[in-house]
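Over in Swiss-Prot, the protein carries these features:
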DOMAIN    2-216  domain 'ABC transporter'
BINDING   Gly34, Pro35, Ser36, Gly37, Ala38, Gly39, Lys40, Thr41  ATP binding site
Amino acid sequence: MIHLEGITKSFGSLQVLKGIDLEITQGEVVSIVGPSGAGKTTLLQIMGTLDSPDTGMINIDGTNVSRMKEKELSAFRNKHIGFVFQFHQLLPEFTALENVMIPAFIAGVPTKEASMRAMEILDFMGLKERASHKPNELSGGEKQRVAVARALINQPAVILADEPSGSLDSHNKEELHQLFFDLRNRFGQTFVIVTHDEALAKITDRTIHMVDGNII
């Protein structure tokens, strides 16, 4: 599913990733943990083709993306990878349903099909009755679930999440954490989650520990 080999990355004189080798299989829920500055977010961004490594090879869902041009990468990213961040980044002028549909529009999915897909996912997440509400009418937990639904709309093979529950209270954290496993079981996606949350790391299928740009 995800294969990284010899990944290095530097910013100026600071080497952030120091030869990362990593294999993640289809359907795994994997957490990446480590102290601040360990390189977790940089690794996730490279895994998601949002940034490029200085050296190394990246294979995602059977495709070597290492040599792709930006236009190819953008199309690949929109189809194969979903992203969830700490802050939901929903567009305030659109409803929950419309926010979820945006990546489908970018991918050229017809409006009717995009709407049906979005409503199916929102229904699965218990948000069907909130579909017509705008972000300022939703709770923090609801907004983050809408963001997860948006990440799923194009049926990507992998979901990459960076501190997805970092801004939530304990109850909403637990609900979101369980949601990742429910989604994996329902849709079969692979989840890679950068987190400082020990409770989440403990329940993932595998935990990857990073220190100073290395996996230990």
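Quick reminder: no glycine exception, Cβ is built from N, Cα and C everywhere.
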Inset, instruction - For the binding-site residues Gly34, Pro35, Gly37, Gly39, work out the Cβ neighbour count at 10 Å and name the residue with the minimum. - result: Pro35
Legend entry - Fewest other Cβ within 10 angstroms of its own Cβ, chosen from the binding-site residues Ser36, Thr41: Ser36
Inset, instruction - Determine, from DSSP, whether Ser36 (ATP binding site) sits in helix, strand or coil. - result: coil
